[in-house]
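K.L.:
Okay, here's the structure, questions in a sec.
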Amino acid sequence: MLNEFPIFDYEDIQLIPNKCVIKSRAEADTSVTLGNHTFKLPVVPANMQTILDENVAEQLAKGGYFYIMHRFDEAGRIPFIKRMHDQGLIASISVGVKDYEYDFVSQLKADAPEYITIDIAHGHADSVISMIQHIKKELPDTFVIAGNVGTPEAVRELENAGADATKVGIGPGKVCITKVKTGFGTGGWQLAAXRWCAKAARKPIIADGGIRTHGDIAKSIRFGASMIMIGSLFAGHIESPGKTIEVDGEQFKEYYGSASQYQKGAYKNVEGKRILLPAKGHLQDTLTEMEQDLQSAISYAGGRQVADLKHVDYVIVKNSIWNGDASH
């Protein structure tokens, strides 16, 4: 059993304020660098079909935000890279580990994307290690993100294989049911898992899943994440690709997991479910609100930039943050 170290999740933690050193939260710098590029926020929308399509990816890149295009339109990936590069934008795509993906990666030499994410549910695998090595051999200048993992051993192995960043999180997301279907994962202790993995990491960690509030972004950074991948908070916007559905006169958008039957089109090895989210406004409004909330967090930390969040004290409050208000 691994409970020798503290096990906690986002709602169990409160960060402790420090003396504020800026006149206004607007002075706080929320930017973060990953590889050779700097982005406005340390967040990335989940590379899922109901979160982004090519239009959303383009909007994010133009706005100075990091994005990772999903891997479920395989034939469209090379034209997508070209279209992004033609506009002077970064190309960031996902690959799997099936045999044909090796040929695909080799075809990218002529127009290599800046970022490739190797994206499988259980990323601590020989198949992922060999794909990392293949990408690094074929496209040495491409930044490789590999995942998903949930242990320090996995982080070290993927880094040693050549990964430039690792993605941590096994099934903590709102539409992921891996924890229920298999009994495995970081659901319920995702924040502690990120901390455990970050202590072993020499390269950036991307915390993936379980984010329910903007404050969770600051908490992720406190416990070692360089970037935070977010699904449900980015789903359901006007620009989101999910179908809009009307129920009793109210607008909802569908949001489903990457291993759900809705995405797979077949009921086989299903580890994702579909939910309806109340339709939100524009994606940019959420990004702006996230930026302002993170600026406030930096000011509470007594800092001026994102990295200052890494040094604040915290308490473990065991689920009492909402004071019994379960509606959150």
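Any Cβ shown, glycine's included, is placed from N, Cα and C.
Per Swiss-Prot, the feature active site, thioimidate intermediate maps to C176. Sequence annotations record features per position, and here Swiss-Prot assigns NADP(+) binding site to 205-228 based on sequence analysis.
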K.L.:
Among the binding-site residues S220, S226, which residue has its Cβ surrounded by the fewest other Cβ atoms within 10 Å?
P.N.:
S226
K.L.:
Run through the Cβ atoms and count how many others sit within 10 Å of the one on D208 (NADP(+) binding site).
P.N.:
31
K.L.:
Tell me whether F223 (NADP(+) binding site) sits in a helix, a strand or coil according to DSSP.
P.N.:
coil
K.L.:
Are there any residues in the same chain, six or more apart in sequence, whose C-beta is under 8 angstroms from the C-beta of I211 (NADP(+) binding site), and if so which?
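P.N.:
Listed in sequence order: Y10, I217, S220, I228, I230, G231, S232, L233.
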K.L.:
Name the one residue among I205, D208, H214 whose Cα is closest in three-dimensional space to that of the residue listed as 'active site, thioimidate intermediate'; these are the binding-site residues.
P.N.:
D208
K.L.:
Minimum Cβ neighbour count within 10 Å among the recorded positions C176, I205, H214, F223: which residue?
P.N.:
H214
